[in-house]
Amino acid sequence: MQSAKKRKKINGNDVLRNITFSCSVECQLPLPFARGSCISNFPSLMFATCREFSGRLFHLGFNLSCSISFKTSTFHPIAQLSTSHHPLLSTSRFPVLRSARVIRYLSDFTHPTAYMDLKGVLEVLEQLAPLSLAESWDNVGLLVEPSKPRPIKTILLTNDLTTAVMDEAVAMNCDLIVSYHPPLFRPFKRLLQKDWKQRLAVRAVECGIAIFSPHTSWDSVEGGVNDWLVGGMGSGKVSVLSQAHSSSPQKHRLEFFCVNDEELNSLLEQLRHIEGSENVQCSALRNESGGQQVNLIFNSLALTAAVQILVSHPHASRSLNITQVQQPPLLGCGQGRLGVLDEPVSVSTAVQKMKTHLGLPHLRLALGDQQTLDSLVKTVAVCAGSGASVIQGVKADLYITGEMSHHEVLDAVSKGTSVILSDHSNSERGFLAVFKQRLNARLGDTVTVAISQRDQDPLQVGY
C-alpha cells in the first residue's frame, strides 16, 4: 500500500511532507516531516506522528532502520520500520495492523505541546500587573482553584463574570476565566443555588474552571486601565492622581544616643541577634564630646524586639525616638490619571473622541458652569469605573469616569468642570483587547486567549 500526501500545518506557516514507512508487517505509516529539516541523522530518530507539527519529533522509544530515497524534486523519504521489538506496533497487539484504520489511529498521536499550568499562567499575570498594586479593600488574585490540576489551554477575558459569560466559558471548554471585577467579593458562609454569585462559584468548581480577578491592580499599573482611558483624549503629559507606594515590609527608624563606642558596640551586638535584623541599616554621627547619635532602620517584624533592648539601656531609652519610614513611590503606578493635552480640544470634540475610544454610540455629558460645547479642554482627570472618590476635588477642565452620583456631578459642575460618564464597565471593558495582546505575547501559541462576546454593561441606552 504505497501512499504519500501533503499536509499543511494548522497555522499555515509551513507545508509538511509525509515520510512513508514500509513496515515489516506490510503497512505504511504517514509521518509529517518539516520541509528543510535535516535528515542526515534520520536513522537514529524515533517514530513520530501528529496533527500539528512544529519540526520536533515525538519520541515513542523504538528505533528505525531506514533507507532514504528521493522520488521527485519534492522528496518523499522511504523508511523501513521494524516493529518486532516494540509492543505498540506488534501484530499481536494490533491484529488489523494492515488496515487503513490502524494507520489513522497511529496518525492521531498528537505532538506533546508544552502547555502551561495554572501556576505558570498566574506568574505571567503577576508580572503584567502585580497584585500588590491593588487597593487594600479589594479582593484580587486567584478566587477559584480547581482540585484537579490541568494544563491551561483556553483563557476567557471578561469585565464581569455573569451567568451568560459562564455559559460561554463552559461551551468553549475554558480552563481559566480572568474577570476584571471579582465575582467573589464578600465572604460566604455557605454555597447555595439561590444566590447567583454562589451559583457561579459552584459551577466553576464543578467544571474545573479557575477564576482570577485583577481589578484595581489593572487600574493602578503603569500602562493599565487608567492610562488606556486617558489615552483616548490624545497625547499629552500624564501623571498619577493617587500615587502607589512599595508594598515591601514596613520599616521604622530608631534614633538614640550612645556616650561612646563601647556602649554602641554592645548595643549593636545585642541587636544583631534579633530575628529579621539581617538587613538593618545603621548610621552614626559623632559629636565633639565623643558621643554618637545613632540611626537604625528596622523592618516591622524586628521592631518590638529592638525597642525592648534599647529601652533597657539608660542612655538609649532616654533619647529613643521612633518614626515610620515612608514607603518609596512606584513611579507611574496608582489610581486615576491627570492628563495635560498637547493640543487642547473643545468639549464637543472630547465627547466624540471618547465615544470612538470606548466604542459607544452615546455618552452622558454635564457641562461645567459657564462652559459650552465649544469651550476648550486642556486638562483631563480620569478614573475608570466609579471614580468620584479619586478625581473629586482635582482641578481639571474635564472629568471622565464610568459613574458618579447626582450630587457628585453637581459639585464638579459648580466648579466649572465638565463631566463625561460612560456607565461603569464601559469605561473599563475596552482595555481587555489591550491586555489580550500582552497576554498572547507572553504565553505564545500554546494558549488561546479570547474576549467574552456575552459580557456587556447591564445599562443600555436607546430603549
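Just so you know, glycine gets a Cβ as well, placed from its N, Cα and C.
Remember, predicted model here, so these are calculated numbers, not experimental data.
The divalent metal cation binding site annotation in TrEMBL covers His181, Asp219, His424, Glu428. Sequence-distant neighbours of His424 (divalent metal cation binding site) (same chain, 6+ apart, CB under 8 A from its CB) are Gly385, Ser386, Gly402, Glu403, Asp457.
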Go through Asp219, Glu428, the listed binding-site residues, and name the one with the sparsest Cβ surroundings, counting other Cβ atoms within 10 Å.
Glu428
Including all protein chains shown, what's the count of other C-beta atoms within 10 A of the C-beta of His181 (divalent metal cation binding site)?
17
What is the set of residues, excluding His181, Asp219, His424, Glu428, whose C-beta falls within 8 angstroms of the centroid of the C-beta atoms at the divalent metal cation site?
Asn159, Tyr180, His215, Val225, Ala384, Gly385, Gly402, Ser425, Ser427
